[in-house]
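The structure under discussion appears below in the form of structure tokens.
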Amino acid sequence: MSTTTTDDDEDTSTATAAPETNKKQRYKRRKIAIFFAYCGVGYQGMQKNPGAKTIESDLEEALFLSGAVPEQDRNNPKRYDWARSARTDKGVSACGQVVSGRFYIEPPGLVERLNSNLSSQIRIFGYKRVTASFNAKKFCDRRRYVYLIPVFALDPSSHPDRESVLASLGSGNELVKCLECSERGRKVVGLMGKRIFESKGTVESGITSSSGDAIEESNIKEESRAYLENGENHKFNSESIEEAKVVDDSRASEIAAVEAEIPAKNVDTDAKVNLQEGAKGGGYFYGEKERENFNRILKYYVGTHNFHNFTTRTKAEDPAAQRFIVSFNANATVTVQGIEFVKCEVVGQSFMLHQIRKMIGLAVAIMRDCAPESLIEKALQKDVNINVPTAPEVGLYLEECFFTSYNQKWKDSHEEVSMKAYEEEAEDFKMKHIYSHIASTEHKEGAVALWLHSLNHRNYPDLRVVGSEDISDGRCGEMENAVKSRESHENLTVS
């Protein structure tokens, strides 16, 4: 590759090809956008965090070992203008992530060197030369995430709440089938509870891991209360923690105008994916009627709304609660390792902590007849506080980042910043690492099946309330009192 300096090159920095070589040849840094994918299992998210194993920390080290970053800039990403398109949290994967910075891309073979210094969970696809002002975060117009939800999760008769499962013991009822799933000894801490707001001086606790110890039947009710008391304070997983980008109504039309430019995935191709014959889900079938119902529910989220009820750290008055969703649909299904999943695709400018997982959580609750459809409209109101269920993180991944405005402006002088050239590689990685991980996790841990047992009115009393006059400060008056009364009665009975 030529070392001729252009308007988008750094014109002063020079370095040898790699830290371990003694070559005298000197190269100039180039501003590039790097395209890659990763499986989030075992990582504490994308963003670098002291003391935690993250995707970013591994990638930074690989850049140094590959000769893209000089010794003096090691562990100091600001010196090479580092930026990421999206931040994904613990357990969340990506097959279309993009980062940018000024790196030494010569001699040829940078991609191969990077991959040789990374685990198989992280795969670099390639890079594109960009302008000196390019920033992967600021120039990203929107992001597309996918959530794979098992078809059985939408079946109201599949995996009912824990109390119903235990009550069916010895009755010959079909609910007994859920007992193994419900009582495997895995505590579901953080899947239910009151919304909290981050306060100054508060130290975030680590995420409570699942326990492998068996749970005695006599402790079920006690543990359920403990979950309610602990709430989401112990669970800080997220699909992405994008910095606030407020979209007002005047810009909404502008963003919507480029919606058509976002390439849609081939539904027919996706629908044919089948890694293993057969699929779980009993007699429930995700047919045309179910597809129409689910898409109708997801459509409530499209547009500019106040999503303060769909996160855990943003108040309704905070401008950051205003987000714009370009599209949200669930048209395709995929079958992986015998489990049929519905592919939920959401495109938006940016997303808050837990936002996508909570949007999925409420939509699933409605499909399972745990909440009325009208509750979504209430949850999107600024003056209403509702406790919304959070779906497990394992089914979520970042599929693609879009740079429409940048590509339009620089189309005559620079390469298009997009995943088009890497679609085949990304698809292979997704099937081999991301999809297989999601399916195997459901097989081994029953992540979604366990979560479904928490979707009931005891844990989420707000789910049955529609009128805003009944909802205040995240509680639903009469329902809350009824639950407390029942718990008090149970305590008296036990004693």
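Keep in mind that glycine also has a Cβ here, set from the backbone N, Cα and C atoms.
Keep in mind that TrEMBL annotations are predicted by a computer and have not been checked by a curator.
As recorded in TrEMBL:
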- 1-12: compositional bias 'Acidic residues' (COMPBIAS)
- 1-23: region 'Disordered' (REGION)
- ASP89: active site, nucleophile (ACT_SITE)
- TYR145: substrate binding site (BINDING)
- 298-403: domain 'Pseudouridine synthase I TruA alpha/beta' (DOMAIN)
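Annotation: TYR145 carries the greatest number of neighbouring Cβ atoms among the recorded positions ASP89, TYR145 [cut-off 10 Å, Cβ to Cβ]. Annotated pair the residue listed as 'substrate binding site' and the residue listed as 'active site, nucleophile', C-alpha to C-alpha distance, rounded: 13 Å.
Using DSSP to sort the residues of the domain 'Pseudouridine synthase I TruA alpha/beta' (298-403) gives these counts of helix, strand and coil: 29 helix, 36 strand, 41 coil. Mean pLDDT for the domain 'Pseudouridine synthase I TruA alpha/beta' (298-403) in the predicted structure: 96.
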